[in-house]
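**Student:** Starting off with a structure, shown below.
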Amino acid sequence: MITAADFYHVMTAMVPLYVAMILAYGSVKWWRIFTPDQCSGINRFVALFAVPLLSFHFISTNNPYTMNLRFIAADTLQKLMVLAMLTAWSHLSRRGSLEWTITLFSLSTLPNTLVMGIPLLKGMYGEFSGSLMVQIVVLQCIIWYTLMLFMFEYRGARMLITEQFPDTAANIASIVVDPDVVSLDGRRDAIETETEVKEDGRIHVTVRRSNASRSDIYSRRSMGFSSTTPRPSNLTNAEIYSLQSSRNPTPRGSSFNHTDFYSMVGRSSNFGAADAFGVRTGATPRPSNYEDDASKPKYPLPASNAAPMAGHYPAPNPAVSSAPKGAKKAATNGQAKGEDLHMFVWSSSASPVSDVFGGGAPDYNDAAAVKSPRKMDGAKDREDYVERDDFSFGNRGVMDRDAEAGDEKAAAAAGADPSKAMAAPTAMPPTSVMTRLILIMVWRKLIRNPNTYSSLIGLIWSLVCFRWNFEMPAIVLKSISILSDAGLGMAMFSLGLFMALQPHIIACGNKVATYAMAVRFLAGPAVMAAASFAVGLRGTLLHVAIVQAALPQGIVPFVFAKEYSVHPSILSTAVIFGMLIALPITLVYYILLGL
């Protein structure tokens with residue numbers, strides 16, 4: 001039976017965390033103490049130092065030789081059961097997909113164990129439950145987050161192969177990825193593919209970042225590599241940040257001019273910018289053979305309302321899309337007056353600026369759209385249809401039928417048999433090629449993540465020191481403690497800043513939020529209870545396992561979802577709204593299990 005003293009211990013452990021979160025929220029939302037840039041700096045400190053050192057502190061001080069293997073088996077079995085059910089659903093059901101498998105797996109099995117679980121369970125069940133939570137943290141950081149990265153990169157690789165090599169994927173013998181490419185997801189970084197056919201007829205692919213996404217192109221003019229006369233540019237730092245990091249899959253306005261654009265690409269050319277756009281200046285007009293080619297789309301449009309497709313510049317200049325006639329005329333007139341070209345740039349990854357000030361629908365009445373040739377941009381035909389209030393899993397089937405109808409029209413226009421075109425599935429490269437590609441990308445992600453090092457080093461140190469009774473030097477111990485002690489409060493403070501920067505607490509609509517909360521707080525604990533019974537957990541261990549499964553959503557899965565653009569609004573709502581309702585829900589579980 002739960003006593004008043006037990007309830008007070010729980011509140012003593014949890015209220016300070018919520019105080020830190022509310023202070024951060026008020027500092028941005030009510031008192032305007034921190035700007036978004038300052039919040040970004042605080043969040044970066046938390047991500048690079050506070051949380052990794054907090055994780056290292058908990059793991060290094062936990063004795064791995066006293067781990068409860070049955071409790072770990074229950075947690076592992078729960079995740080494997082959920083993963084097996086979701087995998088079967090994605091393959092057998094028309095409504096299933098890899099994206100939903102990843103999202104539902106995150107919602108149901110990956111709670112916020114480090115920040116919320118350890119203090120909450122210690123307050124409920126004592127010190128031994130804190131040790132159990134540390135064991136869960138170790139498995140999450142080393143195994144389950146790595147598995148999620150594997151699934152995300154597999155999705156990115158599949159999208160890359162499907163879009164770039166729809167008919168020749170089976171003939172790919174190797175895929176080499178440049179060192180500066182850290183993700184295969186075209187929404188995050190604009191990437192290009194180059195192919196080479198060897199004598200045996202096999203295709204060898206090289207994946208690299210496109211010229212438009214390379215960070216060094218923005219500094220070429222200051223380094224003296226510009227091919228044009230230096231002149232003041234109105235491309236601001238904010239726009240550079242927004243070009244590289246906005247997640248909105250819609251064209252966004254940018255105010256830099258065409259001369260800046262060519263200087264960034266760094267290509268010397270024997271024709272002027274006016275020739276490229278067919279602008280005739282001077283007393284004697286002369287014809288331009290570029291305008292005719294640029295005005296023709298390279299591929300036929302599948303539907304009347306489809307976005308314009310890209311033509312080609314002489315390589316390596318980016319391609320210019322054929323905009324509607326009004327847009328083309330406006331751009332030409334503006335250029336004749338010496339005005340700057342107003343460009344639209346497809347943006348592809350996550351940005352707090354774009355989250356708060358999200359752009360609207362594309363408007364081609366004022367400018368031409370500019371894209372890089374062969375750039376991976378999955379956003380153009382993979383709009384996040386799940387982030388709406390009227391969402392249902394059935395929408396996927398409707399959208400699939402719409403897409404098939406568009407493909408059928410395109411195939412009919414090209415004189416092909418649409419039924420045959422849709423019947424043949426896209427082949428994939430050999431398993432060895434895909435496995436090597438994904439492992440390389442996951443490895444690059446892991447070595448850039450400070451939590452990977454903190455977890456592994458903490459585990460190795462605990463194995464050594466508890467085996468031979470070593471003690472960490474006092475200088476090192478206190479250096480780590482002074483930061484790790486602040487880690488818990490700073491993590492909650494950072495979460496409060498994140499909540500304050502969002503335009504809506506429920507970003508995905510009420511219906512989707514209800515589904516997400518049901519998966520997080522009902523389905524997850526239910527599967528954990530079944531797995532715990534299966535491995536023989538009883539008594540207090542069973543209670544700890546169920547309450548641990550009912551913790552709010554983990555932050556790392558949301559970071560991955562935002563980075564790879566896989567239902568980020570759902571995970572954002574699960575983190576924010578879940579944190580607000582987690583305390584009463586876990587208290588209900590605690591009281592019911594204690595009856």
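Glycine is treated like the rest: Cβ placed from N, Cα and C.
So Swiss-Prot lists these for the protein:
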TOPO_DOM  1-6  topological domain 'Extracellular'
TRANSMEM  7-27  transmembrane segment
TOPO_DOM  28-38  topological domain 'Cytoplasmic'
TRANSMEM  39-59  transmembrane segment
BINDING   Val51, Asn112, Leu114, Tyr145, Ile555, Val556  (indol-3-yl)acetate binding site
TOPO_DOM  60-70  topological domain 'Extracellular'
TRANSMEM  71-91  transmembrane segment
TOPO_DOM  92-100  topological domain 'Cytoplasmic'
TRANSMEM  101-121  transmembrane segment
TOPO_DOM  122-131  topological domain 'Extracellular'
TRANSMEM  132-152  transmembrane segment
TOPO_DOM  153-455  topological domain 'Cytoplasmic'
REGION    281-335  region 'Disordered'
REGION    404-427  region 'Disordered'
COMPBIAS  411-427  compositional bias 'Low complexity'
TRANSMEM  456-476  transmembrane segment
TRANSMEM  480-500  transmembrane segment
TOPO_DOM  501-516  topological domain 'Cytoplasmic'
TRANSMEM  517-537  transmembrane segment
TRANSMEM  541-561  transmembrane segment
TOPO_DOM  562-574  topological domain 'Cytoplasmic'
TRANSMEM  575-595  transmembrane segment
**Student:** Taking DSSP three-state, what's Asn112 ((indol-3-yl)acetate binding site) in: helix, strand or coil?
**Tutor:** coil
**Student:** Would you pick out, from the binding-site residues Leu114, Ile555, Val556, the residue whose Cβ has the largest number of other Cβ atoms within 10 Å?
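**Tutor:** That would be Leu114, with the most Cβ atoms nearby.
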**Student:** Counting only pairs 6 or more apart in sequence, are there at least 3 Cβ pairs under 8 Å between the transmembrane segment (575-595) and the transmembrane segment (7-27)?
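**Tutor:** Contact criterion met.
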**Student:** Sort the residues of the topological domain 'Cytoplasmic' (562-574) into helix, strand and coil with DSSP and give the three counts.
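**Tutor:** Counting residues by DSSP class gives 10 helix, 0 strand, 3 coil.
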**Student:** Quick one: do the transmembrane segment (101-121) and the transmembrane segment (456-476) have at least 3 Cβ pairs under 8 Å, skipping pairs fewer than 6 apart in sequence?
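**Tutor:** Between the transmembrane segment (456-476) and the transmembrane segment (101-121), which are separate recorded stretches, there is no contact, as judged by 3 or more close Cβ pairs.
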**Student:** How many other Cβ atoms are found within 10 Å of the Cβ atom of Val51 ((indol-3-yl)acetate binding site), counting all protein chains shown?
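**Tutor:** For Val51 ((indol-3-yl)acetate binding site), the 10 Å Cβ neighbour count is 24.
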**Student:** With pairs restricted to those 6 or more apart in sequence, evaluate whether the transmembrane segment (71-91) and the transmembrane segment (517-537) have 3+ C-beta pairs under 8 Å.
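**Tutor:** Contact criterion met.
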**Student:** Return the stretch with the most CB pairs under 8 A relative to the transmembrane segment (39-59), choosing among 7-27, 132-152, 517-537, 541-561.
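**Tutor:** Selected stretch: 132-152, with the most Cβ pairs under 8 Å.
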**Student:** Within 8 Å of the Cβ centre of Val51, Asn112, Leu114, Tyr145, Ile555, Val556, which other residues of the chain have their Cβ, at the recorded (indol-3-yl)acetate site?
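**Tutor:** In sequence order, the nearby non-listed residues are Thr113, Val115, Gln140, Asn451, Gly554.
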**Student:** Under 8 Å for C-beta pairs, could you tell me which stretch among 7-27, 132-152, 456-476 has the largest tally with the transmembrane segment (541-561)?
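**Tutor:** Answer, by Cβ pair count: 132-152.
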